[in-house]
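First comes the structure, then the notes that go with it.
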Protein chains: 2
Amino acid sequence: MSKTILERRLFGPGPSNPYPEATSALGLPLLGHLDPEFIARMDNVCDGLRVLWGTKNSRTLPLSATGSAGMEAAFVNTINPGDVAVIAINGLFGERMCEVASRVGAEIVRVEHDYGTPIDAERVAAAHPNPKVIAGVHAETSTGVVSDIAALGAIKGDALLITDAVTSIGGMPVLADEWGIDVGYAGTQKCIGVAPGLAPFTISDRAFERRVAKPQSWYLDLGLLGGYATGSTGGKRTYHHTAPVAMVASLEAGLNRIQAEGLEAVTKRHQEAGKALQDGIQEMGLELFAAEGHRLPQLTTVKVPNGVDSAKVRSYLLNRFNIEIGGGVAQYADTVWRIGLMGPNANPASVALILASLKEAIDKA
Amino acid sequence: MSKTILERRLFGPGPSNPYPEATSALGLPLLGHLDPEFIARMDNVCDGLRVLWGTKNSRTLPLSATGSAGMEAAFVNTINPGDVAVIAINGLFGERMCEVASRVGAEIVRVEHDYGTPIDAERVAAAHPNPKVIAGVHAETSTGVVSDIAALGAIKGDALLITDAVTSIGGMPVLADEWGIDVGYAGTQKCIGVAPGLAPFTISDRAFERRVAKPQSWYLDLGLLGGYATGSTGGKRTYHHTAPVAMVASLEAGLNRIQAEGLEAVTKRHQEAGKALQDGIQEMGLELFAAEGHRLPQLTTVKVPNGVDSAKVRSYLLNRFNIEIGGGVAQYADTVWRIGLMGPNANPASVALILASLKEAIDKA
């Protein structure tokens, strides 16, 4: 057993601390994955996810793995070898899309943006006349930037639009149907306020009809999964794999928690906490990394001041305050901090605590 | 929220009821996946899994998905398109291996056995002179049969031996190194006594050296995973994906629980409970499905008596006693019951309860 520690405050890019209701539900009596009570629970979860995705898609379900597997599911179910995928890259997760899509045999057209800036839909539109897929990240966890997915939907033409909503879902509006998202994937461990382990996923009828007949992944084959998780085959559930039933119970509780507060109130809470943190950071004389006007409220990126050792500050926060914040990624590993206010952590007390502890850490680390 | 029910007794083929310690650990304060405390926890888990696998393999880790993803990981990391895979089939999970391997482009040589019988190593050896991979299921969850994996190891020659230990691990001896298993995968939700959601996995150095350079799955690429989960790259951990940290904490607690009782005592408990159940079933005048001498103690398969409605009996057990048992699979869906005694459920009280309730259900359903 690891040594006992006080509860960490998870103010990094994720996982966040979960809602207490979500944690408690992990300990509910376990149900078999084919139990009628579990099927009812799964139905509730799929309904709750439709609200968060802003979709009526019947095929909206939690995949039995983490958000990165959601990304893989998006590509293995839409790309046949040689299909063209135009991928917008403005951070690590756009890069990862290219890596995942390349393993499915996609012909990839990269549309690169500076890290810290949002996706430019016009450049994406100009990249290829007739791609099978266009893909972009809604909330780039690596840079703290939000991109306009509706603008990608407006220019997608006949292409399928794949969207990474791992860090946006539950923390800001995601309107899959209105924006024209065909395939979306997310994670539970950020603004939904549940432990990591499931990938909320949605796919439109249009994309499902054009899906890969026999994807290279059996585990993530939506043609097989739909029958089990969403009853979309018209009634009888078919066994595919053993669902992670405890995690599904926790997700149900997290979704109920969000519903009880109201999704609009939850996103407003994220918005206000992020704004207060970003104002406070700038009042301390620090600079933000993400371009103004395109900053995620739930994930703030801060430039590490000259002469300050990023790792020492993070260790100080962890050891003195039990606070986790994140470093940057790739070339910004040591020059950017990532501070998340997600799920239950999106509140004024977290903001006050971060500002006070970060100031001390910079001064004393 | 689903309606409140009493705790189910999960006597089906899995998931089983978890050990209480494993359930409690799900509610431990969440740690970030790169937190030093979490890394220590992951190290403990990998150590504990090595004991259960009977291996010294450095690359022994919990994959971040369920057992079926473990199967996929085994094949995507060993099979290049056109490689020959000799697959022993004596149940549903041998069939599934063929399906998964076909999606990696394997040239599959099927060695079919009657359901209910064990794998015949001589027939496997005779199937192909020089396969890349030989694969078989140790404990067939679909039929209740145990096969002699050491015998497959003895005839494997230059091939890599892939073994499904989903239902055997933690409930009966699994000796990967002694038997010659090169790649093994399992689940947490059977005899380990933890909720489903992770796939304990092990791969030998020999298999790792011969692995696929760039597997078609990024999520299950062991070349990338090893650096994160096991520190096998020699120290520094690299970020791959967000681990399902709550499930890993639960697995640590389950492994600690097994270690505290002693693995030998745990397997003996499974052995005795299974023997008592199978004796009692036969004393009731019912017949067992799995061939004598090859029966799993942790999963008993029973022939549904003539004139008895399998589904009605299972519904009666669920509604009156809160007891779940499983039906059969494939052509045996309605003619076989599967009764599991796994993890904490492997005890004399479970045996007495099953025998009494099954008798009533058959009489009254």
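Each Cβ is built from the backbone N, Cα and C atoms, and glycine gets one as well.
A TrEMBL annotation is a machine prediction, not a hand-curated record.
Because the structure is a prediction, the values reported are computed rather than measured.
So that you can see what the record holds, here are the features copied from TrEMBL:
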BINDING   A:Arg338  substrate binding site
DOMAIN    A:33-328  domain 'Aminotransferase class V'
MOD_RES   A:Lys190  N6-(pyridoxal phosphate)lysine
The residue listed as 'N6-(pyridoxal phosphate)lysine' and the residue listed as 'substrate binding site', Cα-Cα, nearest whole angstrom: 13
Residues that sit under 8 angstroms from the residue listed as 'N6-(pyridoxal phosphate)lysine' by C-beta distance, when 6+ apart in the chain: A:Gly14, A:Pro15, A:Ser16, A:Thr141, A:Val166, A:Thr167, A:Ile169, A:Gly170, A:Gly171, A:Gln298, A:Gly340, A:Met342, A:Gly343
Per-residue pLDDT averaged over the domain 'Aminotransferase class V' (A:33-328), given as an integer: 96
